[in-house]
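Enquirer: The structure is given below, and queries will be raised subsequently.
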Amino acid sequence: MDQRQEVNITKALNDKREYKRLLLRNSLKVLLISDPDTDKAAAAMDVSIGAFSDPKGLEGLAHFLEHMLFYASEKYPKEDSYMQYLTEHGGRSNAFTDSEHTNFHFDVNAGYLEEALDRFAQFFICPLLSEDATSREINAVDSENNKNILVDVWRWSQLQKHLSSRDHPFHKFSTGNKDTLDVQPKARGVDVREELIKFYEGHYSSNLMHLVVYGKESIENLQNLVEEKFSAIKNTQRSRPYFPGQPCHSEHLQILVKTVPIKERHTLSILWPITPEIKNYKEGPSRYLGHLIGHEADGSLFCLLKSLGWASSLSAGETESSLEYAFFGVMIELTDAGQEHMEEIVKFIFQYLNILQKSGVAEWIFNEVQAICETKFHFQDKISPINYVMNIASNMKLYPPEDWLVASSLPSKFNPVIIQMVLDQLVPSNSRIFWASKQFEGQTNETEPWYRTAFSVENIKVELVKEWEDSQPDAKLGLPSPNVFIPTDLSLKQVEDKVKHPVLLRKSKFSRLWYKSDTMFFTPKAYIKLDFNCPESSSSPEAEILTNIFTKLLVDYLNEYAYYAEVAGLNYSIHHTGTGFQVAITGYNHKMRILLEKIFEKILNFDVKQDRFAVVKEKVLKNHLNLKFQQPYEQAFYYCSLLLEHCMWQRDEFLEVIPRIQADDLVKFAPRITSRMFFECYVAGNMTSKEAESVVQQIEDSLFNSSVPLSKPIFQSQHLERRIVRLDSGTNYYYPVEGLNEQDENSALHHYIQLEQDDTKMNVQLELFVLIAKQPAFYQLRSIEQLGYIVVLMKRNDSGIRGAQFIIQSTVKDPAQLDIRVEAFLKTFESKLHTLTDDEFKSNVNALIDMKLEKHKNLREETQFYWSEIDDGTLKFDRKEVEVAVLRKLTKEDLLNFFNNHIKLGAPGRRKMSFQVYGSSHVAEYKSAKSGEISSYESVVCNGKECALDGVDTEQLKDEKVEVVSSDKPVETTTELVGYHPKRIDDIYNFKRSQALFGSLKSGANQAYA
Ligand SMILES: [Zn+2]
């Protein structure tokens, strides 16, 4: 037991939780958090071993081990029983492997912490790491790599590593793939499972671990639990691996790297090796410098680049960091015009740094940053326990105990010498410039080995360095002004009419106001949401694009002013919605009205600035072009929405209209967007009902009631409706389509089962089915069949129309076969459902009730919940209570009937549609799927080579039989799959027109509300 002096852990003023530090006999460092109010318990274990410790030639071993620990242990040898236990009790689990640590975490309904902890502890006491599971899970690691391989952030991160010292572990590839963890080691005669065990035994020592446990129990009880469960972790007295030295030597500095991105974009990043912030976190030098270099108001670097039309975004701050090294980066998204001025842009960066050098470190700026950070820390929102423990466990090895909660979020010591020291490191001769653009296609001469990123490197010439060093600052550059948005009134409003759910406070021909006073969070924050229904805004693809540009221009015009508000913790957004546009403001309520007024001033006096129009249009076009590079499963998701939404324009249509749209079109169209409007408003948090009403009155007066009003109310017939396609009962459709990016090998399946429009009993049956089937589906389709890294079963809600969806991304099986595997899973799941004991059934029902009764943790979460009721038009603010009442009466028979009528293959009321995106590894299968020959099922291509069918027998399929794998043991058995007659859809629009629609729950201003 720890007999040392108790330290005072700094916590937020509004934090009522109790904390206690503990050191077990095996040197495991623990933080206990007792929160009697919590509905979820959670724990995180951070092990101070990461990918830097991977043995040579076994890249990704630490990450692979992280995956393997989830499988089974000596105490709980049944595979997947850990995940199964958590899911059945409303929990979830995850992990990540970083360079120097690996973090495992879970949450569970608050009453089930003890057994969950016992199971979790076995990860670190006696994992099985079976031969069989090891040989399967390597495929998931490989599929995870396939998911990342065409994603620019992964590619650039590895390129930075590639261009660093080979002797530093920073250089290595960390996630691993089949080649590094299977093929290559086997060829060398290395047994990877033995290596996993060796790695585990060599590094997973309790003295290198940090544990955080969060529960509703008292500190004493939590302490007993932790001592009982975690004392058995072996302490092999390992010393923490130490990686001294810098990843970049002189040959890796003063370089310009040109590289070809996947996406349509130009980016410029300048990186400098700096002293890690962790060494001086109370002085916060990188925070101070990032605040200034990344500022966006008048005088800032970004403001200047924006006025020249060269940049569309800029950020600055510490990037890669560890105890021994770190980088400071300035990341700029360039416009097409900016792409032509790279050297001048870099020159402006150094001019700005020269200004910081000349003006010296300013105490008032540090004080401002400190004040903002302090308010932010003390009035922080509660977050989900799983994220809370994950963050703290990661901090524990880096900070002294008193700062475990604070970490580096509270700079408190003004020390100009330390800030100056880091500023002095940001010089041209120390810089690494990474410049990405498709323009460099064909002009590069090297390829990064892991992601095959094309690049070339050149040294930056000494004359250029000299020019940058000596460059005199542009007159437009300067320090920001004092921030007027910092809140000074943080008092809580006295609210008399405290209500449990939102109330309809006010209704007029222009608007409707919903109001919810704060009864939960007691922070000086509020939320205002304004949803404008503008009938003209969605009348055509052109209209939607023009509305999109309209909202983006508003943000663009507001940016220099509103950036101060954002820095001070008052955030806003303006975006188009497909039926108009939405304005949202959230944060400290003190100065919220000032910002709101400014936003409406811009809407009232909207004008089209030619130069900004061009920049925004270019950005909108690129956004649409880049949809091509979405993950295939996201593309499948898009097709599902396209089919279900009665009114939704297609991306090809947008791509056709954007290039032709001119500034003049918006000059003519903007007045039409706002000519007739109706807005729905939601106000919540630290605001009285009087204030909420005055917000709406003020907006109405400015938009509708002036002498020459901008807007009129919309006609009765124009009121918003949102309708969803109702699939035919008893049908089984599929829509095959090629992936948009012909380089992407991944295929994807989105298997959608439609249910009803917000029917309480059916909703809870659906949720119960998803809860019970989620983990078995994951275990069967991912852990056993290894179809791919992404395997998910979840519920879906389209404007109140509920459904279930299976999502799988794969290179090993084509989407038609994935679809069959889902059907086969449902078949085996049927028997599992039948054998479910009454106790198991009850336990699942109780888990779902607990999840439903979970309190909102912060204003954002609460707003999301109520807003979706308003936005869908369902308006069941007491949904949780009503659904819990129905759940309490639900029987196992009810669930079986639901499954038999709606979910299982051949069910009479089943309405199923599968969206099948074919990647480049399944080109031949796509052709057959399109031509409608069942021959698409006759062969399967595994990783590029033709191979025998595993799992699906062609002959059996012709007789509507497929192999089905039992969900209990990883053994294959055969079951009949009767009634698998999918009908192909070739044209989404023809199909949509042939189907009925659900009624719209959204309706006009005269909608009756109970
Ligand atoms: Zn992983």
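Even glycines carry a Cβ here, placed using N, Cα and C.
All TrEMBL annotations are machine predictions without curation.
TrEMBL lists these features:
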DOMAIN    29-164  domain 'Peptidase M16 N-terminal'
DOMAIN    193-371  domain 'Peptidase M16 C-terminal'
DOMAIN    377-656  domain 'Peptidase M16 middle/third'
DOMAIN    775-867  domain 'Coenzyme PQQ synthesis protein F-like C-terminal lobe'
Enquirer: Across the whole of the domain 'Coenzyme PQQ synthesis protein F-like C-terminal lobe' (775-867), what does the mean pLDDT come to? Round it, please.
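Expert: Within the domain 'Coenzyme PQQ synthesis protein F-like C-terminal lobe' (775-867), the model's average pLDDT equals 96.
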Enquirer: If you count every Cβ pair below 8 Å, which range out of 29-164, 193-371, 377-656 shares the most with the domain 'Coenzyme PQQ synthesis protein F-like C-terminal lobe' (775-867)?
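Expert: Most contacts with the domain 'Coenzyme PQQ synthesis protein F-like C-terminal lobe' (775-867): 29-164.
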Enquirer: Taking DSSP states H, G and I as helix and E and B as strand, how many residues of the domain 'Peptidase M16 N-terminal' (29-164) are helix, strand and coil?
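Expert: Each residue of the domain 'Peptidase M16 N-terminal' (29-164) counted once, the result is 63 helix, 30 strand, 43 coil.
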Enquirer: How many of the residues that make up the domain 'Coenzyme PQQ synthesis protein F-like C-terminal lobe' (775-867) does DSSP mark as helix, as strand and as coil?
Expert: 55 helix, 19 strand, 19 coil
